[in-house]
Amino acid sequence: MNAAKAFLYSFSPHFHHLHPHKTRPDKSLHRRRCSVSELRPPNQRRHDFRFSVNREGHRFVFLVRARQPGVKSEPCDVSTESVKFQDELNEVVVSGEEDGVAWWEEFPKRWVIVVLCFSAFLLCNMDRVNMSIAILPMSAEFNWNPTTVGLIQSSFFWGYLLTQIAGGIWADTVGGKLVLGFGVVWWSVATVLTPIAAKVGLPFLLVVRVFMGIGEGVAMPAMNNILSKWVPVSERSRSLALVYSGMYLGSVTGLAFSPFLIHQFGWPSVFYSFGSLGTVWFAIWLNKAYSSPLEDPHLRPEEKKLILTKSVSREPVKTIPWGLILSKQPVWALIISHFCHNWGTFILLTWMPTYYNQ
């Protein structure tokens, strides 16, 4: 309010009587800011002033009306939503709504991170299951027997096993943004190179599939690292449910579109089209994502405060009590159930198309 008073006072008609040593304000500016009420008698003149307030990336525009001393002003309510002034000569409506802010910029940044992680897992399983469909025409073209087909299908999991724990340690060290971005680019490049490697020879194809598994192996630990820093505790169940649903949606999407692409453009088109989507995702990821809210210069202060105050902050774990962990029965129940779930899931995803084909 002090700034507003100073602003109005600087354009007051009595400014020069109080401070004669000051120079008169620019007349063109004074006339431009006065309303048509200047046509009234001198003792009833009033002056309208517009001013804007910039706060936290938003701009609010207001209209302030000043009258000559001794003239009673008309009461009016000023708010940031809408201000309306009316007299017998003119009507002015000034909007106080936020100016120049798009709706997508108001979307919570933490949920932008969640949606990007969801998209990454969608692409992850699309690139993973496309081989289950493409292996049928590939084995017919290259005369692969069932043993060779099984070797090719399992080679992905060799690399996937290698980077599960390493990916989590790496994400804790350099940040989840870099690790997840690396993983998506790595497996996308490996997906695009799959048709080329298959035509060069079986050993090259196995190496490319191992490389693809290495890229996808870091995705899950990196995602957990990011969400633990970006999402408050009260929203983590919803965010994790959305992200993990991307895996199953990716399996459905990959199995649904692969036959169409193979029928229309040949089996290499599956790898080229799915792999190229990773580059689009990576470009958005570099522009929008940060490893933690503290690193994001564009994060609104109120959202940053919400994330930091409602998240459980802990010091990095220096030592892991493996003996104590493995001595608990619930831990072994989770290990066994997760193993059985993945065994059944990947057997179906890998071999179901071959089973129906034969």
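Keep in mind that glycine also has a Cβ here, set from the backbone N, Cα and C atoms.
Over in TrEMBL, the protein carries these features:
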TRANSMEM  111-131  transmembrane segment
DOMAIN    113-358  domain 'Major facilitator superfamily (MFS) profile'
TRANSMEM  151-171  transmembrane segment
TRANSMEM  178-198  transmembrane segment
TRANSMEM  204-227  transmembrane segment
TRANSMEM  239-261  transmembrane segment
TRANSMEM  267-286  transmembrane segment
Remote residues contacting the transmembrane segment (204-227) - C-beta distance under 8 A, at least 6 residues beyond either end: 113-114, 117, 120-121, 124, 127-128, 131, 151-152, 155-168, 170-172, 175-177, 179-180, 182-188, 190-191, 193-194, 197-198, 236, 239-240, 243, 289, 291
Annotated stretches the transmembrane segment (239-261) and the transmembrane segment (111-131) touching (3 or more Cβ pairs under 8 Å): yes
Stretch-level contact, the transmembrane segment (267-286) and the transmembrane segment (111-131), CB cutoff 8 A, at least 3 pairs: yes
Local confidence of the domain 'Major facilitator superfamily (MFS) profile' (113-358) - pLDDT mean: 93
